[in-house]
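Asks: Quick paste from TrEMBL:
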ACT_SITE  Tyr150  active site, proton acceptor
ACT_SITE  Tyr160  active site, proton acceptor
BINDING   Gly15, Ser21, Ile22, Ile95, Lys167  NAD(+) binding site
Amino acid sequence: MAYNLLKGKRGIIFGALNNMSIAWKVAERCAEEGAKIVLSNTEMALRMGELDELSKKIDAPIIAADATNYDDLENVFVKAQELLGGKVDFVLHSIGMSPNVRKHRTYDDLDYNWLNKTLDISAISFHKMLQAAKKVDAIADYGSVLALTYVASHRTFFGYNDMADAKSLLESIARSFGYIYGREKNVRINTISQSPTATTAGKGIKDIDNMMDFADKMSPLGNASADECADYCVVMFSDLTRKVTMQTLFHDGGFSNMGMSLRAMNQYSKDLAPYEDENGKVIYG
């Protein structure tokens, strides 16, 4: 059901790849709510993904950009205003990738070049995005910027690895930039801490299926889906949340405030065998 919450608004969605992407779902819901949208992702993602399909479906132009390249991002904000006919009202950062996670490096054996890449892609890109938008004055008064995060930013989750560091940095950027952008331009910046979700990026995390099952059993309301996350983003982009900024907003069915649920407790057994990796090494995860 549509409520016209974003009627007349303009937005940029970074990071949609295919119909499993949260960014894809957000773009669809924003269009349903009356927004005009520009989509952006890397050239490689455009070749590998299905963004053309989404572009046609919601009549949204695509601007290719490397989110780690400041000049590319500045170009997105300049061109988006031209294509949309004015300043942008909302922006979604849904970008994250860790070579260490993909290559199954443990946290005590990181490749530091890969760590730098993880931080640049997953967090520093958010700072570059905000700095570029502010420099060209691309975001309208009381505009809303969101980035997707995860509770591993401040709790330890086996297998999430250096992405946890990236999410911590991402949330810090939202707070620090949120103060400046709010004070000077009335722009609000928040992060949404989403339940573990079956996206293409999420599949790279070790034992993601078990992580999702555990979170679902722990959460009073169960895991929040990608579609439900899109609904939440719409509300945060709308005028109904004009004074919400610098927050990490948990959208996880209550998981972040749980200690142990009965359903999760019933799954536990003292006789569970130690966890072993593919080489038979016992991992105390």
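We number each residue from 1, going along the chain as drawn.
Note that Cβ sites are derived from N, Cα and C of the backbone, with glycine treated the same way.
Because TrEMBL annotations are produced automatically, they should be read as predictions rather than curated entries.
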Asks: Can you count the other CB atoms that lie within 10 A of the CB of Lys167 (NAD(+) binding site)?
Replies: 25
Asks: Give me the largest Cα to Cα distance among Gly15, Ser21, Ile22, Ile95, Lys167, the residues the record lists as binding NAD(+), in Å as a whole number.
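Replies: Maximum Cα-Cα distance: 18 Å.
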Asks: Helix, strand or coil at Ser21 (NAD(+) binding site), per DSSP?
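Replies: Going by the DSSP assignment, Ser21 (NAD(+) binding site) belongs to neither helix nor strand, so it counts as coil.
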Asks: Binding-site residues Gly15, Ser21, Ile22, Ile95, Lys167: which have a Cα within 10 Å of Tyr150 (active site, proton acceptor)?
Replies: Lys167
Asks: I want to check the contact list for Gly15 (NAD(+) binding site): same chain, sequence separation of six or more, C-beta distance under 8 angstroms. What comes out?
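Replies: Sequence-distant Cβ neighbours: Ser21, Ala23, Ser40, Asn41, Ala67, Leu92, His93, Ser94, Ile95.
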Asks: Same-chain residues six or more away whose CB lies under 8 A from the CB of Ile22 (NAD(+) binding site)?
Replies: Ser94, Leu148, Gln194, Thr197, Thr199, Ala226, Cys229, Ala230
